[in-house]
Amino acid sequence: MDKQTLVIKLGGALIENDEALTALFGTLKTFLDEQHRPLVLVHGGGCLVDDLLKGLGLSSTKKNGLRVTPFEQIPFIAGALAGTANKQMMAKAIATGIPAVGLCLADGGLCQVTQLDPDLGAVGDCQPGNPALVTGILAQGFLPVVSSIGITADGQLMNVNADQAATAIAEALGADLVMLSDVSGILDGKGKLVPQLNKATALDLMEKGVISDGMAVKVKAALHAAETLGKPVCVASWRYPDQLLKLLAGGAVGTQVTL
């Protein structure tokens, strides 16, 4: 594996959009066939969690863009993310001809997870851990598909923000990082794409409330990753497979987040 590993974070409503998911994995298959570059997918699945909790008659709230996760809800959330979402991603990979292995953040000690904030409940802070298992899986030609469920050192299941999880995994692997979501990148106050975003501008936009909630979490994770990895991190959309192939080949798509 001479080529730099690429970590792609998949988010937003992608998992509930079968047509978009099919197109995305078709693009990833083309990329893998042409580039022969090690690839790791990291996913959340907030929409599945919302649907499940609603069906169970349970409420769900967010604080500063992070889902508040009462400990009594974590079995359901883990089931939705590490179970349903992960296996749906794997199924799509397999149907596209990509051999895949489903993982969570705890497998092989990939990430070290601790409780982030008692006010958020079973929400984890994620730090890079041991990449050996994932490196071995990549060396065997498999695509690791990693859910954002972690486990603390004392055995507590934790819900981790998928942007933060992808950042920690990229750090552990020394990989490049691309974050894909519903939107085309980071948008300014007028809804226009910001092609390049540095730390000073990002902090200014967050202070003004232009970047807030989930997008603020994403930008903070991207800034942290850019700082730790010492390279730009791309925030873009999964909606346009042709643009995605250009992006994966090194083209300018979405927002490049730098220091």
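Glycine is no exception: its Cβ is also placed from the backbone N, Cα and C atoms.
Same-site candidate for substrate binding, as annotated by Swiss-Prot with Gly45, Gly46, Arg67, chosen from Asn130, Asn159: Asn159. Note on the recorded positions Lys9, Arg67: the fewest other CB atoms within 10 A surround the CB of Arg67.
The binding-site residues listed here are Gly45, Gly46; among them, Gly45 has the most other Cβ atoms within 10 Å of its own Cβ.
Of all residue pairs in Gly45, Gly46, Arg67, Asn159, the annotated binders of substrate, the farthest apart have Cα atoms separated by 12 Å.
Cα spacing between Gly46 (substrate binding site) and Lys9 (site 'Transition state stabilizer'): 13 Å, rounded to the nearest whole number. In the three-state DSSP reading, Lys9 (site 'Transition state stabilizer') counts as strand. Those same-chain residues not listed among Gly45, Gly46, Arg67, Asn159 yet with C-beta within 8 angstroms of the centroid of the substrate site C-beta atoms are Gly44, Val49, Thr69, Ile77, Ala80, Leu81, Ser148, Asn161, Ala162.
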